[in-house]
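Q: Please read through the structure below; I'll follow up with questions.
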Amino acid sequence: MVAVTELGYLGLTVTNLDAWRSYAAEVAGMEIVDEGEGDRLYLRMDQWHHRIVLHASDSDDLAYLGWRVADPVEFDAMVAKLTAAGISLTVASEAEARERRVLGLAKLADPGGNPTEIFYGPQVDTHKPFHPGRPMYGKFVTGSEGIGHCILRQDDVPAAAAFYGLLGLRGSVEYHLQLPNGMVAQPYFMHCNERQHSVAFGLGPMEKRINHLMFEYTDLDDLGLAHDIVRARKIDVALQLGKHANDQALTFYCANPSGWLWEFGWGARKAPSQQEYYTRDIFGHGNEAAGYGMDIPLG
């Protein structure tokens, strides 16, 4: 059965490219690639041409996210599968695929209206070693696990789960979180490879399409260094350092220049083969800066 293999890339619209250039390189450690186009910057995390594209814009939000399939046969099968399910999509032109640095591309939207892309054949620049934007002890966890994970806006969780299930992701509710208003939050997590989850939703109403992007370091010291830099620069921290119950990653959440969150992490376990749910995190993740959509009782 055809299925996506990883969350391969993201495109973001940003109102301040200069602030992002500093944040991505000096705080996160990503490599900045400026090809002189004027309206965009590319962020590298490994030997791919890029994992993130920053598009200069008058808004700050998710522009698109790309899900990878293995090859052109799988690509055609996925297009046929989605079309048969009644999902409207457009197979992109060769020029559009070249702009994304891939061999094949289809464009559609998920049930939350998030621009979604299916692709195969990313450009991988093995002749250009990854050079982090600041000193790093290790690397980013990418490879077959993709860029990381993101939490997206979805008003209809069952419809979103069905859509991502059609793409080949698996998962379910992984937390029951008692809220101060008496309600119980039940966020939904889904995976398509060994990464514990690649997409999640069900946090309730969101101003932007995306709540946060999580990426992971291979070395704990890089997480600690990033945490020190964030604190020294007085960047808003929405959730303090803590350890999740589901992926068991040590992480913290801080604001990026676009006013939503990046989750910096280390040490996540692999995706489980059977479903579990939790009522709180292992430790930490106390709420700090409010207003970023993560004012939930994880600790």
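For all residues, glycine too, the Cβ spot is worked out from N, Cα and C.
Quick paste of what Swiss-Prot says about this protein:
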{"type": "DOMAIN", "residues": "6-121", "note": "domain 'VOC 1'"}
{"type": "DOMAIN", "residues": "146-267", "note": "domain 'VOC 2'"}
{"type": "BINDING", "residues": "H149, H212, E263", "note": "Fe cation binding site"}
Q: Using DSSP, tally how many residues of the domain 'VOC 1' (6-121) sit in helix, strand and coil.
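A: Residue counts for the domain 'VOC 1' (6-121) by secondary structure: 32 helix, 48 strand, 36 coil.
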Q: Beyond H149, H212, E263, what residues of that chain have CB atoms within 8 A of the centre of the Fe cation site's CB atoms?
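A: Along the chain, the qualifying residues are G148, C150, I151, N211, L213, M214, F215, T251, Y253, L261, W262, G265.
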